[in-house]
Amino acid sequence: MASKIGSRRWMLQLIMQLGSVLLTRCPFWGCFSQLMLYAERAEARRKPDIPVPYLYFDMGAAVLCASFMSFGVKRRWFALGAALQLAISTYTAYIGGYVHYGDWLKVRMYSRTVAIIGGFLVLASGAGELYRRKPRSRSLQSTGQVFLGIYLICVAYSLQHSKEDRLAYLNHLPGGELMVQLFFVLYGVLALAFLSGYYVTLAAQILAVLLPPVMLLIDGNVSYWHNTRRVEFWNQMKLLGESVGIFGAAVILATDG
């Protein structure tokens, strides 16, 4: 009996570490995909989302925070720093107005950013640590969960009001309209759980099971988004990487919530 409990605990710790790896490495992929995206825009003489002098500082801060988080050095502080950096970066890009996106694409982009910020706040609370030397900050974790709940509300909203998202689910998932409505209900229920703070571990477990097929069939269908919906290739790759980071945050809450 004791060996079964020990093996189960070891497996949960292994899965939790996997979630931490996916979330803490997310900024590296974000910086790489941004560089590739802005290089493509430079060839077409189009501007990046953030002016170039500030862009280098922004990416430097992201890489610095991601590096320290990855090595586990002052992870809580640098997770908080990563959340702050991402929030400032997104706000700067939004008010800059250098690039104009469709409303449906803005929802896809900014909702994922909100979720990643929430994931970093969960990490900053002390969740996902193998050997916790300090008590966990429940306020930071609750705030991170609220951010994840907001992301799920945005996804549910897009399923009902975004033609692009609805067609992605209708064309690439079996079950047609029934499956779309099922996902809508699931996202809504999970959002309520994260926002209210009740059954968070169970909600995170369901989300961790739900996200991989969605990432593979919806976000991973680059040809649909790039060729049909005219989303820039590296922008879609950035969104896909953020979905992986959100999955990592869900795994952390599912195993250490």
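Yeah, the Cβs are placed from backbone N, Cα and C, and that goes for glycine too.
What Swiss-Prot lists as transmembrane segment is 24-40 (among others).
Annotation comment: Swiss-Prot describes 52-72 (among others) as transmembrane segment.
Summarising the annotation, Swiss-Prot assigns transmembrane segment to 77-97 (among others). Same-chain residues lying 6+ beyond the ends of the transmembrane segment (77-97) with a Cβ under 8 Å from its Cβ atoms: 24, 27, 49-51, 54, 58, 61-62, 64-66, 68-69, 110, 113, 116-117, 120-121, 123-124, 140.
The feature transmembrane segment is assigned by Swiss-Prot to 110-130 (among others), with sequence analysis given as support. Panel annotation: around the transmembrane segment (110-130), residues 13, 16-17, 19-20, 23-24, 26, 69, 75-77, 79-80, 82-83, 86-87, 90, 94, 136-141, 143-148, 150-151, 154-155, 158, 239, 242-243, 245-246, 248-249, 252-253, 256-257 of the same chain, lying at least six beyond its termini, place a Cβ under 8 Å from a Cβ of the stretch.
Per Swiss-Prot, transmembrane segment is recorded for 139-159 (among others).
Sequence-distant contacts of the transmembrane segment (182-202), counting only residues of its own chain at least 6 positions beyond either end whose CB sits under 8 Å from a CB of the stretch, comprise 142, 145-146, 148-150, 152-153, 155-156, 159-160, 169, 173, 175, 210, 253-254, 257. The transmembrane segment annotation in Swiss-Prot covers 182-202 (among others), and the record cites sequence analysis as its basis.
Within its own chain, the transmembrane segment (206-226) has Cβ neighbours under 8 Å at 152, 168-169, 171-173, 186, 190, 232-233, 236-237, 239-240, 243-244, 246-247, 250-251, 254, counting only residues six or more beyond its boundaries. Taken from Swiss-Prot, the feature transmembrane segment covers 206-226 (among others), and the record attributes it to sequence analysis.
Look at Swiss-Prot and you will find 233-253 (among others) tagged as transmembrane segment. If one looks beyond the transmembrane segment (233-253) by at least 6 residues along the same chain, the residues whose Cβ comes under 8 Å of a Cβ in the stretch are 15-16, 18-24, 26, 29-30, 33-34, 36-37, 40, 108-109, 112-113, 115-116, 118-119, 122-123, 127-128, 144-145, 148, 151, 200-201, 204, 207-208, 211-212, 214-215, 219-220, 222, 225-226.
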Intrachain residues whose Cβ lies under 8 Å of the transmembrane segment (24-40), provided they are six or more past its termini: 48, 55, 59, 62-63, 65-66, 69-70, 75, 79, 82, 86, 116, 119, 123, 232-235, 237-238, 241-242, 244-245, 248
